[in-house]
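Worksheet for the structure shown next.
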Amino acid sequence: EHGYLLNKYTGCKVWCVINNEECGYLCNKRRGGYYGYCYFWKLACYCQGARKSELWNYKTNKCDL
């Protein structure tokens with residue numbers, strides 16, 4: 001699956017500014033994906049190849065920030 005990483009504590013996307021290194025680490029090492037980067041226009045970490053449960057979903061959005 002591909003999409004924005006989910007912050008499991010807040011229910012929001014994992015936010016970033018320009019830090020591809022952190023997003024890559026979270027995606028590759030912590031979430032089972034193969035490529036992660038900071039999507040600048042959305043200010044959120046995008047991950048390719050992660051499990052569906054690791055990704056933020058608009059329909060099940062629980063972000064209250």
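Placed from the backbone N, Cα and C atoms, the Cβ positions cover glycine too.
In sequence order, T10, G11, C12, K13, W56 constitute the residues six or more apart from C63 (disulfide bond) in its chain with CB-CB distances below 8 Å. Here Swiss-Prot flags C12-C63 (among others) as disulfide bond.
Per Swiss-Prot, the feature disulfide bond maps to C16-C38 (among others). In the three-state DSSP classification, C38 (disulfide bond) falls within a strand.
Residues annotated as disulfide bond in Swiss-Prot, with sequence analysis given as evidence: C23-C45 (among others). Around the Cβ of C45 (disulfide bond), the same chain contributes Y4, L5, K13, V14, W15, C16, E22, C23, L26, C27, G36, Y37, C38, Y39, each under 8 angstroms and 6 or more positions distant in sequence.
With a 10 A radius on its CB, C27 (disulfide bond) counts 24 other CB atoms from all the protein chains. The disulfide bond annotation in Swiss-Prot covers C27-C47 (among others), and the record cites sequence analysis as its basis.
The annotation domain 'LCN-type CS-alpha/beta' is assigned in Swiss-Prot to 1-64 on the grounds of sequence analysis.
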Secondary structure composition of the domain 'LCN-type CS-alpha/beta' (1-64) [DSSP: H/G/I, E/B, coil]: 17 helix, 18 strand, 29 coil
Candidate with the highest Cβ count within 10 Å, taken from the disulfide-bonded residues C12, C38, C47: C47
